[in-house]
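Engineer: The structure's right below; bear with me while I get my questions together.
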Amino acid sequence: MADITEKTAEQLENLSLQDKQEGTNEENQSETVSASLYVGDLDPSVSEAHLYDIFSPIGAVSSIRVCRDAITKTSLGYAYVNFNDHDAAKTAIEKLNFTPIKGKLCRIMWSQRDPSLRKKGAGNIFIKNLHPDIDNKALYDTFSVFGNILSSKVATDETGKSKGFGYVHFEEDESASEAIDALNGMLLNGQEIYVGPHLSKKERESKFEEMKANFTNVYIKNINTETTDKEFEELVAKFGKTDSVVLERTPEGENKGFGFVNFVNHEDAVKCVEELNNTEFKGQPLYVNRAQKKYERQQELKKQYEATRMEKMAKYQGINLFIKNLDDSIDDKKLEEEFAPYGTITSAKVMTTENGKSKGFGFVCFSTPEEATKAITEKNQQIVAGKPLYVAIAQRKDVRRSQLAQQIQARNQMRFQQASAAAAAAAAAGMPGQFMPPMFYGVMPPRGVPFNGPNPQMANMGAMPKNGMPPHQFRNGPVYGVPPQGGFARNGPAANQFYQQKQRQALGEELYKRIFSRTNDEEAAGKITGMILDLPPQEVVPLLENDELFEQHFKEASAAYESFKQEQQQPQGEEAQQA
C-alpha cells in the first residue's frame, strides 16, 4: 500500500511539472486536435490522485487539475484532465461519461478553452418542461442521436433536484436544427417538452421587456366562487376580441377564484386592466393585472421581502437590546419588569427551546435609542437572579461574525507585538537571539498532551509550555515567566495578578477540552478558546455550566474563526489567480 501511495505521489509530481510546461507550449498546440477534458459534477472530496487512478488506465495522462476556491481551497466540483493524444480522451468520454465517482455521476465533455466558443448561440439549444426524473445522462442519451454533443446539462437547485430545464450544445448547427424540429412539442417521460435555440441573457431580457410592453394575457383574481364560465366570459367580452377565456377549476370542478384572459390586441388587454381592476363583481373587488410568469412573481416577492427586511432593520436600529446569561427562572414577563424602569418597552422576549426551556438569552426593544442606551449603562453586568447580565445592542449575525473576525486579527497582531517586545527585552538582558514567548492561552492543549506535539505552527513559534517554565537551558539561570521561589506576597497587585492568571489558565484548559472534542483540530480549538477567554471571567464561568449558552458562543466563535481564515488566505488566493 505504501509503494502504491509513493508511486501515485511521484506520478502526480511529474504531472504537475508537465502542467507548468503547458502554458509555454499552448500556442504551438493550438492547431492540434484537443485532448483536454472537462470533468464536472464531482464530489468535493475527489482529488487529483483519485482522478488519476480512474483516467490513467485509458491512456497516458499529461496533467490533472481539480479547480478550487481561491480563498477556501475547497473543490468547486469540476476538474480538467489532459491526455497525451486525442484518441485516449475520446475513449475516456465513451467509457467513463456518467460513471459514478464517490457516489455521484460525473459529467465529461471536451474542454473549450475559448470562452467565445462556449457562449456562442450556434449549435446551442434550450429545453424546458423536463420531467423531474430526466437527469444529465437521460438528456444526453435523448439528444446524442442527432449529432456530436460538446456539452449537456440539466439545471438543478442546491439540493440536486431538477429545475425542469436544461441545455445541449452540439458541435454542428445542423444537428441542433434537427433536434429542434424532431423533439419540440414531443412527449418525454409523459411531459410535452419545449426545444428551441438558446438565447443569451441579453437577448432574453430584451425579448422579455418587449413582451411586457405588448402583453395580451391578463390575470384576474378574487372572483366569486359561484361565478360561472359564461358570466366570466361576459365580464371581459366588452373590452375586445379574445383568443381564450379560462376560469381555473379544481379536478372536482370547483371554481378556484381566479382566471386568465388572452386578448387578440394589446390595447384591449390594457383597457381591461385599467377599467376592471378594483371594480366590484358579485360583492368582491377584483384584482386585474398583466399575467406574470412564476419566475417574475418570485423575483418581485423577493424584492418586496428585502425591502421590508431593510425597513425593519432601520426601524429597530439602536433600540433593540440583546441580553444573555439569563437565569432559567427569567421569563418574558420578568424580563420586561427588569427593564421597564428605563423606558417604554415595545417587546420583550426570552428565547426558548421547543420544550419551552430558556436558552439563557433574549431581546428587549425600547421605543427610543436614548432609552436603550440608558438600559445598557444601568443593567450591563448587573446581578439578576444570581447571574451577571450581558446587555448590548442587538446585531445581525453577519455583523457579529465580521466584528469577531476583526477581533481575532487584532488579537493576533497584539500577540506578535508582545513576542517582538519580549525578544527585544531578552536581547537587552544579555541573551541575544533568545526570548521567552508569552503564554498563549488560546492554543493551550488539554492535560497530558505535550505542548510541542503535533501542532507545527506552535512548535515553530517556540511558545512557552503551560506551566510557564522556560526552556531547559535557562533553568540554572534567571527564570522568566514564573514567580520567584519565595512566592508572591499574600496581598497586593502581584498576588491578585497571579490569582487571575491561575483562574484564566484553569478556565482555558476546561474550555479547550470541550472545544477540541467538537472541532478535533488543535489550531481551531486553540483560537476559539482564546476568543472566548477574552470575555470577563464572570461571563466565561456560566458557559461551563450552561450547555446551550456554551453552544451559542462556540458557534459564533467558530464562524468568526472561519471568516478570519478566509481573510488570511485572500492575498494568497489573489496571487494564485494572477498566476
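Just so it is clear, glycine is given a Cβ too, placed from its N, Cα and C backbone atoms.
In case it helps, Swiss-Prot gives these features for our protein:
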type	residues	note
COMPBIAS	1-10	compositional bias 'Basic and acidic residues'
COMPBIAS	566-579	compositional bias 'Low complexity'
DOMAIN	35-113	domain 'RRM 1'
DOMAIN	123-200	domain 'RRM 2'
DOMAIN	216-293	domain 'RRM 3'
DOMAIN	319-396	domain 'RRM 4'
DOMAIN	487-566	domain 'PABC'
REGION	1-32	region 'Disordered'
REGION	560-579	region 'Disordered'
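How about a rundown of where these features are and what they're close to?
Structural biologist: Within the model, the domain 'RRM 1' (35-113) shows a mean pLDDT value of 91, rounded to a whole number.
When DSSP labels each residue, the domain 'RRM 2' (123-200) comes out as 22 helix, 30 strand, 26 coil, counted as helix, strand and coil in that order.
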Engineer: Let's see if you can do this one: DSSP helix, strand and coil counts over the domain 'RRM 4' (319-396), in that order.
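Structural biologist: Tallied per class, the domain 'RRM 4' (319-396) gives 22 helix, 30 strand, 26 coil.
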